[in-house]
Every structure is written in structure tokens, then in C-alpha cells.
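Novice: My questions will all concern the structure given below.
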């Protein structure tokens with residue numbers, strides 16, 4: 001979709017209102033108003049605070065105060081997605097059903113490679129997405145101001161003109177979220193960060209760990225995605241995985257497909273030769289990859305076990321037990337607690353996060369690499385981790 005050039009078409013349409021009588025012209029007027037609404041909404045900025053206030057007012061039944069609008073596109077109805085279930089996230093009756101996706105999009109203004117990855121991810125996601133008429137796809141971006149403008153440009157370029165579903169975009173300021181996260185994740189950063197000043201040392205890369213405390217309570221479920229992805233199926237189908245969570249499960253995540261954690265847990269494995277920790281599937285526990293994560297925020301909020309695992313003393317105890325020192329942020333934390341409490345996790349099929357990186361095959365683990373890397377079935381999401389090219393269509 002190209003950029004809209006101004007409000008002149010809207011003004012002309014409104015000027016003709018008094019003269020238009022026929023049903024045909026009324027339809028033209030409605031179309032013009034829709035264009036005007038999209039231009040107005042596309043130029044707005046909604047902050048995390050204003051979104052929270054609006055959600056709380058809506059749930060309380062009070063009329064929501066005017067807030068800076070989010071980029072929003074309504075394209076009419078669409079045939080029901082296969083296997084789709086109409087579920088109100090508010091617990092009420094029929095009405096709009098929101099589906100939430102979140103992506104990190106920071107330091108993108110002068111990063112052509114990152115913009116190219118985002119273009120591939122968003123183009124494939126939006127091209128294949130199908131939602132019912134009453135469903136809304138909410139795209140959350142965590143970014144600073146410069147990257148926010150880049151994201152807006154990409155979305156105006158990539159939102160298909162005949163999408164057939166409603167799409168809303170919400171931007172969260174990375175600095176604001178970092179301030180909220182730091183007190184929660186400070187203690188774990190030393191165990192799961194590459195070092196001061198490096199990519200994963202920033203608190204924001206532990207967002208998924210504390211998302212349940214950061215997002216408005218009205219958001220019950222959210223899917224967090226990396227940008228180096230390419231979608232091969234309707235993203236609506238991934239939300240159905242929430243229905244397969246067993247009691248006690250709070251996060252859906254795929255296995256790591258390289259012997260990353262065979263390496264990280266080397267000392268624990270040496271001391272415990274019969275352990276499953278770090279071993280390849282299906283018998284082993286290879287750890288997790290955070291490129292695609294389903295976060296049941298309400299279950300995370302209600303889990304006493306998960307709350308305890310966030311305590312600094314608990315993190316230290318497990319890190320000492322497993323001699324754990326990682327550099328992959330939230331992925332390391334989930335992997336470590338998953339060794340101790342696997343029932344917290346719903347394991348996604350590898351086809352939902354088909355990782356392509358083969359770095360560890362060439363760095364000491366060629367003899368066991370295929371046992372980790374093997375993935376059978378039709379790929380639904382490709383993950384071009386460590387800058388690995390993704391197959392063309």
C-alpha cells in the first residue's frame with residue numbers, strides 16, 4: 001500500500017455530500033471517508049500509557065477518552081480461517097476478538113540489513129494472514145522514535161490493499177519499557193548476557209520474561225516474534241496452539257535446533273553423564289529457541305512457581321546448580337528453568353520455528369549436529385538465525 005498524499009480527496013468527498021442522493025454516490029462517500037480515516041489513523045502515535053488507559057476504560061464500561069490513534073486498517077470481511085474459534089479475550093459475549101503479536105524493532109534507521117529482514121517478515125506475515133470479520137490483528141512494535149517512523153513506512157508499503165481483515169499497530173517506547181523491566185530482570189542479566197554494552201546486556205531483551213508484568217492486564221495472550229522470520233502459513237493458526245497448553249504450561253516455544261546448550265551445559269553434563277540436559281531430541285533436552293514464543297500472560301500472572309523463579313535467589317541457585325553462563329538473554333533463562341520445570345512449557349513443533357543456522361556444525365559438533373538440526377514436516381515459519389539466508393518461494 002502506498003503512502004496517502006493528503007486530505008484533499010476527503011474534503012472533496014465531504015463537499016459533495018449535500019448534492020449526492022443516489023445509493024451509488026453514497027457508497028462512494030463511504031469509501032472516501034474510509035480513506036480519510038486511514039490517513040488520520042496512520043499518522044498518529046499511541047503510547048504504552050495511553051493504550052493501557054484506553055483498555056482499562058473499555059473493560060470498565062466507561063467511554064474511552066480520546067487517545068492518539070494507532071495505525072489501523074479495516075478491510076471488511078473474510079472467510080473464517082480453518083479451525084478458527086471465536087473467543088473473547090475479555091471473557092464477555094460476542095464482539096471484537098484481539099490477537100496480539102509483538103516484535104522488537106530498534107536501531108533500524110540506518111540498518112539496511114535489519115530493514116530488509118523486517119520487510120521479508122512483515123510481507124510474508126501480512127500476505128498470508130486470514131482473520132474473521134470480528135477479529136483484529138494487533139501488531140505491537142517496541143522501538144525508539146526513529147525506528148518507529150521506519151516501521152510506519154514499511155507497514156504502509158506492505159499492508160495489502162485487499163487484506164480482508166482488521167489490523168491495528170501499537171508502538172511501545174523502548175526506553176519506557178526498559179525502565180520498567182530493569183528492576184525485574186537486573187539480577188538475571190549477569191547470568192544470561194554477553195557483557196556490558198553488548199546486544200543482550202540490555203534489559204529490553206528480557207522483555208518476554210516479564211511481559212506479564214509490563215503489558216496491560218486486559219491482554220491475556222501474546223506471541224513474540226523475531227524479525228528474521230519468513231511465514232509460510234496463516235499466522236492465525238499459530239494462535240490455536242494456545243488451546244493445546246496443558247495445565248501449568250505458561251509459554252509455548254520450540255526446541256533449539258543446534259547443540260548450543262550441549263556446549264553451555266558441558267560441565268553439568270560432565271558431572272552427570274546420564275543426564276538428558278543438553279542432549280538431542282526426542283529423549284534429550286536441547287533447550288529452547290526464542291525466535292517464536294507464545295506467552296500466556298494470564299497464566300504467567302497466576303503461576304506461583306513462575307513468580308518464584310523470577311526471584312534473584314532462585315535464579316542464582318539454578319545458575320549455580322547447572323554451572324550456567326549464557327549470552328542469549330530470555331532464551332537462556334527459559335532454557336535453564338525448563339531443565340528444572342519442563343511442565344511450564346508447551347513445546348512447539350519444529351516446523352513453527354525452523355531454524356536455519358548451522359554455525360555449531362563447523363565449530364566442534366559436526367558428529368552430533370544432525371540429531372539436533374533434523375526437522376520433518378511442512379515448514380510453517382522459517383527462522384534465518386545468525387544471518388542465514390531464508391529459502392526463496
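Positions of Cβ are set from backbone N, Cα and C atoms, glycine also.
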Novice: To which of the residue ranges 3-23, 24-44 does Swiss-Prot assign the term transmembrane segment?
Specialist: 24-44
Novice: Please identify the range among 263-266, 267-270, 271-274 that Swiss-Prot labels region 'Interaction with target proteins'.
Specialist: 263-266
Novice: Going by the UDP-alpha-D-xylose site in Swiss-Prot, where 104, 105, 106, 290, 328, 331 are listed, which of the candidates 177, 220, 227, 229 is also part of it?
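Specialist: The record-listed residue among the candidates is 227.
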Novice: So which one is it: of the recorded positions 104, 357, 375, 386, which has the fewest other Cβ atoms within 10 Å?
Specialist: 386
Novice: I need the most crowded of these binding-site residues: 106, 331, 385. Count other C-beta atoms within 10 angstroms of each C-beta and give me the top one.
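Specialist: When each Cβ's neighbours within 10 Å are tallied, 331 tops the list.
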Novice: Taking each of the recorded positions 328, 350 in turn and counting other Cβ atoms within 10 Å of its Cβ, which one has the fewest?
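Specialist: The recorded positions 328, 350 were compared, and 350 has the fewest Cβ atoms within 10 Å.
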Novice: Going along the chain, which residues at least six beyond the ends of the region 'Interaction with target proteins' (263-266) come within the CB cut-off of under 8 Å?
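Specialist: Hits for the region 'Interaction with target proteins' (263-266): 277-278, 287, 322-326, 332, 360, 364-365.
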Novice: Going by DSSP, give the three-state secondary structure for residue 290 (UDP-alpha-D-xylose binding site).
Specialist: strand
Novice: Using a Cβ cut-off under 8 Å and a sequence separation of 6 or more, which residues in the same chain sit near residue 227 (UDP-alpha-D-xylose binding site)?
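Specialist: 103, 104, 105, 114, 117, 118, 121 - these are the non-local Cβ neighbours of residue 227 (UDP-alpha-D-xylose binding site), listed in sequence order.
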